[in-house]
Amino acid sequence: MKIIIASANKGKIAEFEKLMPNDEVIAFSEILGQIEIEEDKDTFKGNAIKKAQTIYDELYKNGYRDMIVISDDSGISVPVLNNEPGIYSARYAGLNATDKSNNAKLIENLNRINLERTPAFYTACIAIVYQNNVYTVHGWMHGDVINKELGEGGFGYDPMFIPNGFEKTLGELGYEAKKEFSHRTKALNLAKKVLDVIL
Ligand SMILES: O=c1[nH]c(=O)c2ncn([C@@H]3O[C@H](COP(=O)(O)OP(=O)(O)OP(=O)(O)O)[C@@H](O)[C@H]3O)c2[nH]1
Ligand SMILES: [Mg+2]
């Protein structure tokens, strides 16, 4: 099955490819080139729908039909920081933020309140657009964030995140572990059930 991923995040696209080994997973940019989508909704769900719908509409305008478009809006929330960065995870350190600068800002904010480690959770909302219908599913992963980066695996905040039941960060554990229980894995498992019903 051909699935268009409405994301420009290489880390996410790589995860989707590994999670759907039997499908043809194509990043939208391979067909449409770069498209900037303003994420101006106030929920993961709102932004996920906007991303998937925008890419679906662009593909449609370009003559593509019967495609399945999947988006992912995700982020990490830290309850002791009023659930920051949440939907702002990708731009926590500002408009030109990178994974490095976002992690540095989170570390700075943890240090400001003298916390080496505190509970946190990831959320992923996946939106599916198919034949002008929209479906959304969510997945979560709970654990702790720490005020330093450990390990090189994963992407984004992974080197700062210790999932429940482990004593290492996702950066140290690597993708084979993360794949078993991540927010994206859980959401995608639900998305696959939706696809089983609608296709
Ligand atoms: O360590 C991480 N492991 C994860 O598994 C993960 N999932 C999300 N995130 C963070 O949350 C932002 C999402 O923002 P986001 O959904 O807008 O994505 P994005 O802007 O990077 O790409 P796009 O899909 O919008 O094109 C990302 O940039 C990351 O910083 C993660 N960090
Ligand atoms: Mg984004």
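In case you wondered, yes, glycine gets a Cβ from its N, Cα and C as well.
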Site co-member for substrate according to TrEMBL, given S7, A8, N9, K10, G11, K12, F155, G156, Y157, D158, K178, H183, R184, out of S74, S101: S74
Candidates near ligand 1 among the binding-site residues N9, G11, D73, S74, G156, D158, judged by a Cβ under 6 angstroms: N9, D73, S74, G156, D158
Span of S7, A8, N9, K10, G11, K12, S74, F155, G156, Y157, D158, K178, H183, R184 around substrate - largest C-alpha separation, Å: 21
Residue with minimal Cβ packing [other Cβ atoms within 10 Å] among the binding-site residues S7, N9, S74: N9
